[in-house]
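Take a look at the structure below.
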Amino acid sequence: MNLLEMALTINPIAFEIGGLQVRWYGIIIAFGIYLATTLADREATRKGYRKDFIIDLVFWAVPLGFVGARLYYILFEWQYYLANPAEIIQIWHGGIAIYGGVIVGAATVYWFAKKEKVSFALLLDILAPVVLLAQSIGRWGNFTNQEAHGEVTTRAFLEGLHLPNFIIEQMHINGAYYQPTFLYESLWSFVGVLILFYLRRRKGVKVGEIAAGYLIWYSFGRFFIEGMRTDSLWMFNVIRISQLVSIVLFLLGISLIIVRRRRVPAVPDYVSIDNPQSPILFGKV
């Protein structure tokens, strides 16, 4: 077993500074945010946004997104946190929900777009692929915490997937092996990133359809992967919350494409825009 395998399979804590534990979970999420910000800033500059536009947006969207992700989780586990209020702020133990972050993050982007007088749809198109990339990376934080896994399985099954040994060992929890659903979602999201980056360079793809593609792709995969997980949040013990949200977002993504394709005047192609304040983006020409 090499040093990387030892770090990932033995201890979720990367290092300590003066008694402060720095976890792989936080490092991985921070890296995902940094990479997403860098790529979004590069694309925004290419599209004519002012200097530091994305940095200023991230200043608001990231912390509010984390708050939304945490509140979403707490909302559906309110009985536990009512009995253990001190744990509400302990996000380093997990307990943040991607969908909560996406919903609040999107609301923050809408507010910021209105404040800056730029197209909300164009801004979402810039952000969608890199947000999905950050999600793909962030799932490895769940891996280090040994959470967001699936049902009990066998070592033979995991070996049959030709997984690296450090993943197999990390999925060995309390004497049993578990489905690496974190990995399924990470890979699904990464394939989605490649597709969205490809579509973003294609003529005929309308402004707003990259973001719609994100909703369709991620929600479709998440619906099925969520059905494999053992830590899902439930509504009335009938349906998994994330599966319900996935259905809503999938239909929303389809609807957005249909509506934008029928809009008069026609929605411009993403590749044709080099000014985020162009009147054509707002249907004024």
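Note: Cβ is positioned from N, Cα and C throughout, glycine not excepted.
Feature annotations, reproduced from TrEMBL:
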| type | residues | note |
| --- | --- | --- |
| TRANSMEM | 22-41 | transmembrane segment |
| TRANSMEM | 53-76 | transmembrane segment |
| TRANSMEM | 96-113 | transmembrane segment |
| TRANSMEM | 120-138 | transmembrane segment |
| TRANSMEM | 181-200 | transmembrane segment |
| TRANSMEM | 207-225 | transmembrane segment |
| TRANSMEM | 237-259 | transmembrane segment |
Applying the under-8 angstroms CB criterion, which one of 53-76, 181-200, 207-225 scores highest with the transmembrane segment (22-41)?
53-76
Does the transmembrane segment (96-113) come near the transmembrane segment (237-259), with 3+ Cβ pairs under 8 Å (pairs 6 or more apart)?
yes
Six or more residues beyond either end and a Cβ under 8 Å away: which residues meet both conditions relative to the transmembrane segment (237-259)?
76, 97, 99, 206, 208-209, 211-216, 218-220, 222-223, 226-227
